[in-house]
C-alpha cells in the first residue's frame, strides 16, 4: 500500500464520525483532500462544512458541499484534519500547509477533533518536522531572534503568505519535550499570531492509515 493509499484509507475512515444534518469542520492538506472526496458522497445528508483554508473551500465548493463562515455557526460536532507529526499523547505539529491559524480556530470550536494521518506521521517526540510559526510581517526579525533564544533555528518560508496575509517562520532543531509549555511560550512572543503546536487542543481520535488497514487511537 502506497503512502497516498494509506492517507486515503484514513480519510475515508473519518466519515463514520460525521453526524447527519451537521456542519463539519474540515482541515487542509493531502490527507484531508481524501476526506473531502469521501464527504462529497454524503453531501445531501449534512448541512455543510466550515473550512480552515481557501484551498479546502474551493475543493468542497467544486464538489457541491456548502461552505459556511465560522462566525455564522454555533456548533461543530467534529473537526477532521491531518498532522505533520503526532505523538502518543495526541499532541501535534501542524501547519506545513501554512493554514495553522485557521485550523486552530476551527479546532477550538469543534467538540471532537479527528486526526487523520498515514503511519509516517507518528513519532515519540515532536520536533523533527520544523515547527511553523505564523507571524505579523513587521515582527518577523524580532520573533526570529526570540525563537533562537528558545533553542530553535527559524527559517523564513520564502514566497508564502498565509490566508490571513502573514508570513511563516519554520523552526528547526527543537526537541519538544513539553509541547503545551512551548506552545504557550511561543504564543506569548509579541508579533506571533499562533504556532503549529496543537497540544492544548490535541486530537480526540487518531485514525492512522497503515499497510494493514486503519488503526484507531483514542485520547486517554
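Glycine residues also receive a Cβ, built from the backbone N, Cα and C atoms like all the rest.
Cβ environment of residue 103 (active site, proton acceptor): 27, 28, 52, 53, 81, 94, 95, 198 lie under 8 Å away, each six or more residues apart in the same chain. The active site, proton acceptor annotation in Swiss-Prot covers 103.
For residue 30 (substrate binding site), other Cβ atoms within 10 Å of its Cβ number 15. In three-state terms derived from DSSP, residue 30 (substrate binding site) belongs to a helical segment. Taken from Swiss-Prot, the feature substrate binding site covers 28, 29, 30, 31, 81, 82, 83, 84, 94, 95, 96, 97, 121.
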Spatial neighbours of residue 121 (substrate binding site) that are distant in sequence (at least 6 apart) but have CB under 8 A:
82, 83, 84, 85, 86, 208
Around the C-beta of residue 94 (substrate binding site), how many further C-beta atoms are within 10 angstroms, looking at every protein chain?
28
Give me the count of other Cβ atoms within 10 A of the Cβ belonging to residue 96 (substrate binding site).
21
In the same chain, outside 28, 29, 30, 31, 81, 82, 83, 84, 94, 95, 96, 97, 121, whose C-beta lies within 8 angstroms of the Cβ mean position for the substrate site?
27, 32, 117
